[in-house]
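K.L.:
Pasting in a structure now, in structure tokens, and then I'll have a few things to ask.
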């Protein structure tokens, strides 16, 4: 007999209803719950899947390289990066009529093409690529890497090549290898690439496979390195008049600390970035030799966690907090590890979003406004999903893996002991922020509507302005720290040697970049609106995780798992209190918050780019300003993307804008209905199907049953999220591209 899906659960495979399919999809990645799963097998499966993941990433980047080389205009773009629009790939669409073909034949192409808003052209250009041949070579190299990764994944599932459980739990060795090997050596390799290939290319000297062994990256060679005279590598940097990609105004330095931006490209100095990666490499290679393995030297993480002595002083543990039992808890719980990793990666991803625009690393990318907007929004949304995932797996850890006896008296136990204080503090912060921020916005909205805008309550963000002034911004006249040339911040070593300060001060006081933008009352308000969103999302997630094992209402919650809908009518009031429900609610708040973040960023930057900062400053202090002067005003291009007079190259975004709204609205159908609705709907559909000629020739074996409450919410949440992001992506790209190309 053919085995039914899913193979991993005999119990589910024998379910006679359509629940079999739904539950199987829900449990497919929950390896722990699969039939016959052992702890060792679990680790091996996850380990092998990492190679598949890497293969997908390599294939994806390879595809980008290949399509740009084949159908893009990289070589033309390199000749004039500021005025040429980069092409992502060609469009072949049999539905295009003449109007559409004409509209999408753009950027100097002879056939319909898509414009690239990912920044890959700027990245490849900055790192030294100049020809389509370079791109093809990269694509083929990554294809080979992808095949190797797939082979490695397959190999590590073969009995002889499956690592043992003890290998996976050897935390010290893994840390050493990841710190020194993964971070350290790869940073060193990147510094090497920048010094040997990218910096010479930026100075008009081509380095390829034919001459890289004979071309010295620095005229002094390695002599200064071996004699300790390292300062030689910083002498004679590129001048302010350097034309990127040519020898005009170029220097010879390879490792510098100039600060600020290259005047022509408006991006960080390549020599500063090479220096940065070299420094990171040194730090991480040292860090990768800190932990004790078979040589018996270095730190034991377990001993550090359990230590109660700090250089002879009695302490409770690391940071004077009790950590006994944490090593075992962390090392034996994949959910605990995943929670930490997602949280760290989420923070890093959000930092990438902030730094991509304020300190742009790629040549000329700051002048491609649509790309900057797309990259900021992309990274902030990803950060949001990662952060919510961190708390979800934290909650699963507490339900499945947390051992109260093993953690008695340590920091985890302490957090659970005083969870009421944590939750109530987050609650009052959220309430305070919500009422006060909304109160100010509503007050301002009303007085503007009544024609007395002078009655608005406008608060200058003086503390934030002080922080900007401390970093060197002169505009506010605070005359403090780096904005005062006589202060200790400006005169202390090494600044008095004019190492990085002049470049930094030029950059922070320039009106043409996004470094420390000038802020006022509108920024003050939206900052607090975002703070409200962040604190409320955190409140929901923290409560969901800390109450995942049990709460006053339902002390035995842990016995019901992560995603129970309710515990029956016998204990009324136990609906909507599982950790899954907290995750579900937090997703909406997360999306809401990132909406505010991206609205703010985009509107503020539209003003900076257009040279009209007054519109944001005047309209952002009341609600109608946001609705009318940001959303409505900037969606006009989308609403007009195609009309009775034909089409333009924004029509695809206009269509996506409509379609995104449709997907988003579909979400509500699943969110605002409970199980009985679905059961009746399905029985009605089945009844109609069985009485419809021809249709009733098609039968199925599974008895149709309704979506559970949790399943319907998942479908609703998926539609809501996808529609929400799709709608804003279309709005963001079209409104920016309509203004700046």
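Every residue gets a Cβ built from N, Cα and C, even glycine.
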K.L.:
Looking at residue 577 and residue 124, does Swiss-Prot assign them to the same side of the membrane (meaning the same named topological domain)?
P.N.:
no
K.L.:
Among the residue ranges 369-400, 465-496, I'd like the one that Swiss-Prot describes as transmembrane segment.
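P.N.:
Spelled out, Swiss-Prot records transmembrane segment over residues 369-400, not the other listed ranges.
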K.L.:
Kindly point out the range from 7-38, 39-70 that Swiss-Prot annotates with transmembrane segment.
P.N.:
39-70
K.L.:
At 10 angstroms around each C-beta, which of the binding-site residues 677, 678 has the fewest other C-beta atoms nearby?
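P.N.:
Ranked by other Cβ atoms within 10 Å, the binding-site residues 677, 678 bottom out at 677.
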K.L.:
Assess whether the transmembrane segment (521-545) lies in contact with the transmembrane segment (369-400), where contact requires at least three Cβ pairs under 8 Å among residues 6 or more apart in sequence.
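P.N.:
Yes, since the transmembrane segment (521-545) and the transmembrane segment (369-400) share at least 3 Cβ pairs closer than 8 Å, they count as touching.
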K.L.:
I'm trying to understand the geometry here, so how far is the Cα atom of residue 575 ([4Fe-4S] cluster binding site) from the Cα atom of residue 678 (phylloquinone binding site), in Å to the nearest whole number?
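P.N.:
Pair distance, Cα basis, whole Å: 18 Å.
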K.L.:
Could you count the residues of the topological domain 'Lumenal, thylakoid' (359-368) that DSSP puts in helix, in strand and in coil?
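P.N.:
Residue counts for the topological domain 'Lumenal, thylakoid' (359-368) by secondary structure: 3 helix, 0 strand, 7 coil.
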K.L.:
Kindly state the mean pLDDT of the topological domain 'Cytoplasmic' (157-172) in the predicted structure.
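P.N.:
Mean pLDDT for the topological domain 'Cytoplasmic' (157-172): 96.
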K.L.:
Quick check for the class: what is the C-alpha distance, in angstrom and rounded, between residue 661 (chlorophyll a B1 binding site) and residue 669 (chlorophyll a B3 binding site)?
P.N.:
13
K.L.:
Measure from the CA atom of residue 678 (phylloquinone binding site) to the CA atom of residue 669 (chlorophyll a B3 binding site) and give the result in Å, rounded to a whole number.
P.N.:
11
K.L.:
Compile a sequence-ordered list of residues in the same chain as residue 566 ([4Fe-4S] cluster binding site), six or more apart from it, whose Cβ lies below 8 A from its Cβ; state 'none' when nothing qualifies.
P.N.:
574, 575, 576, 709
